[in-house]
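First comes the structure, then the notes that go with it.
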Amino acid sequence: MTTPALLPLSGRRIPALAAGASSFSHHRATLRLSEKFILLLILSAFITLCFGAFFFLPDNSKHKRFDLGLEDVLIPHIEANKEGKLPGGQIIHGQGGHDEHRHREEEESLRSKIRADHERALQEAKEKLRKTREELRAQIQTEKSKLAQDLKQKESERALPPVPMPKVVGVNDGVPGDPAVREKRDKIREMMKHAWDSYRQYGWGHNELKPLAKKGHSTNIFGNSQMGATIVDALDTLYIMGLQQEFKDGQEWIQQNLDFSVNAEVSVFEVNIRFIGGLLAAYYLSGQEVFKVKAVQLAEKLLPAFNTPTGIPWAMVNLKSGVGRNWGWASAGSSILAEFGTLHMEFVHLTYLTGNPAYYQKVMHIRKLLAKMDRPNGLYPNYLNPRTGRWGQHHTSVGGLGDSFYEYLLKAWLMSDKTDTEARRTYDEAVEAIERHLIRKSNGGLTFIGEWKNGHLERKMGHLTCFAGGMFALGADGSPDDRAGHYLQLGAEIAHTCHESYDRTVLKLGPEAFKFDSGLEAVAVRQNEKYYILRPEVIETYWYMWRFTHDPKYRDWGWEAAQAIDKYCRVSGGFSGVKDVYSSSPAYDDVQQSFFLAETLKYLYLLFSGDDLLPLESWVFNTEAHPLPVLHLGNITLPGSPAQR
């Protein structure tokens, strides 16, 4: 008989095993032990064990009793009860014939069980052998996932210390008395529902949504993992809008699926402001413990990013390995000011909720290190090397790369119930330098904030920089030398300039960046600066200016923006950014950003709500618009806080 050649174990077909040992020996040099072959060997061993157990049972003629102390495990259905009865009521009588009969029944029952186990093992072996390599891998992955889920459950059951909940007010208020304003607020709520329902239908569990392709979307800031960024980012907006079922759906997904033990490299900054900020806000608004637990689990995964020679964190960290690194484009491996400087609010709350001083200490260390460094013209450059502790290239911006560092100095003071005077002083000094070196008036009378590059001022302002109008207004009260009126006016001028950047486009939506030179004012010049990606910063400033002045023009401007978004960005599968705000028929970028639900729609909703919804005396919004409560003195348990001293 010709010995058949062994086929590769590709999962399509298994060669006959009857070829004999000599054939196996002949071909063993070329045989690769695939997962399926190893599994076959294990199953063969198990079957052999079953046969052995069957054929080598004790002989009843030599042994009066088969008793290995395993009856409860192997044959629980024959277990006698305390009255000496077998199931069915049969009474055990002494050591006579009935006893002998019982022994035979036990042995026969055990034989039957082994036969059944043997048949089941053979059946399982056949089923396993029919599976492809991919199916086997999937099965192994399922078992690993189940184990990880069990470990995750145990992790989540670790109790956090009980701390008093800060006083939360204005969570379900804000219904405007004016029917026209209420109608606009209802329209914003409808837009939120369209964005959420589209994500729910087409992108559920993915980080973001491609509304035209109607599928999930992710970027490298989330490590291309499915962490449900839109769900976490949108939770507090859903809650304050009263979309209770939607909030509940999001909570259930987080409870069952949000897992931080993934092998994914994420942006420390983005994950902090969107995930930790979003989870903390959802916890404070709803009181649901799961959000606090998840926030702490994630925060622990971010801590290894601070393992640098200076304590300035890496921009990226792998959630599984804890290995960190910086962006390749960032000035010779530098960390970015807006990234390592936008952790304070969330990390202070983490220390408050956990009693772990590490979070507070990490962010205070950053502040102390920056306080010791020389600052060119009193300005903070955007790049700092975490290995050497030296500035990278001297580029300063209140827009991208720098923006939220200044915002968090002010908000650290506000969140501390205005007791963190060091943060307030640092903010005031920074704003003074910004006003002296970066803020100018255009020929047409528009106030703008430029960028300092290579020793000169670039007369360009980004959409991101437009948040500063709201920041100046928010920081007006408490400013030195009684300059509150000055900073409120400065905020109004920035708001006006940013509105002009919207008003001078075809779509009435603002470009990503706009120039103030060569006769052009508040207009984008380059094609790659003409896009609008559903950004919130201009509307954020409108809202702060409305809260502090109640000038109706801010609601008018906000409504213009809301109508333009609904007209030009809305598609059947959600909302999309547009590539050219100066074109009457722009192309879509096909991304519904998570911050559209977290920030843009939230600020619009607040703009058309009463001031009693999330009042600024009690809440401070992180840079992703997640509201965190002011930690009043009586509640503070931070290391070195006035209450503790």
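One is the number of the first residue shown, and numbering goes on along the chain from there.
Quick reminder: no glycine exception, Cβ is built from N, Cα and C everywhere.
The transmembrane segment annotation in TrEMBL covers 37-57.
What TrEMBL lists as region 'Disordered' is 85-117 (among others).
Feature annotation from TrEMBL assigns compositional bias 'Basic and acidic residues' to 96-117 (among others).
Residues annotated as compositional bias 'Basic and acidic residues' in TrEMBL: 143-158 (among others).
The feature region 'Disordered' is assigned by TrEMBL to 143-179 (among others).
Here TrEMBL flags 166-179 as compositional bias 'Low complexity'.
Look at TrEMBL and you will find Glu270 (among others) tagged as active site, proton donor.
Cβ neighbour count for Asp403 (active site): 25 (other Cβ atoms within 10 Å of its Cβ, all protein chains included). The active site feature in TrEMBL is assigned to Asp403 (among others).
Of all Cβ atoms in the shown protein chains, 30 besides its own fall within 10 Å of the Cβ of Cys466 (disulfide bond). Under the heading disulfide bond, TrEMBL lists Cys466-Cys498.
In sequence order, Gly462, His463, Ala524, Asn528, Glu529, Lys530, Tyr531, Tyr532, Ile533, Arg535 make up the list of same-chain residues 6 or more apart from Glu512 (active site, proton donor) whose Cβ falls under 8 Å from its Cβ. Taken from TrEMBL, the feature active site, proton donor covers Glu512 (among others).
Take the CB of Glu537 (active site) and look out to 10 A: across all protein chains shown you find 23 other CB atoms. If you look up TrEMBL, you'll see Glu537 (among others) marked as active site.
Under the heading Ca(2+) binding site, TrEMBL lists Thr623. Cβ environment of Thr623 (Ca(2+) binding site): Ile273, Gly277, Thr342, Asp403, Ser404, Glu407, Tyr408 lie under 8 Å away, each six or more residues apart in the same chain.
Per DSSP, the compositional bias 'Low complexity' (166-179) is made up of 1 helix, 0 strand, 13 coil.
The two recorded residues, Cys498 (disulfide bond) and Glu270 (active site, proton donor), have Cα atoms 25 Å apart. Cβ crowding, taken as the number of other Cβ atoms within 10 Å, peaks at Cys498 among the recorded positions Glu270, Cys498.
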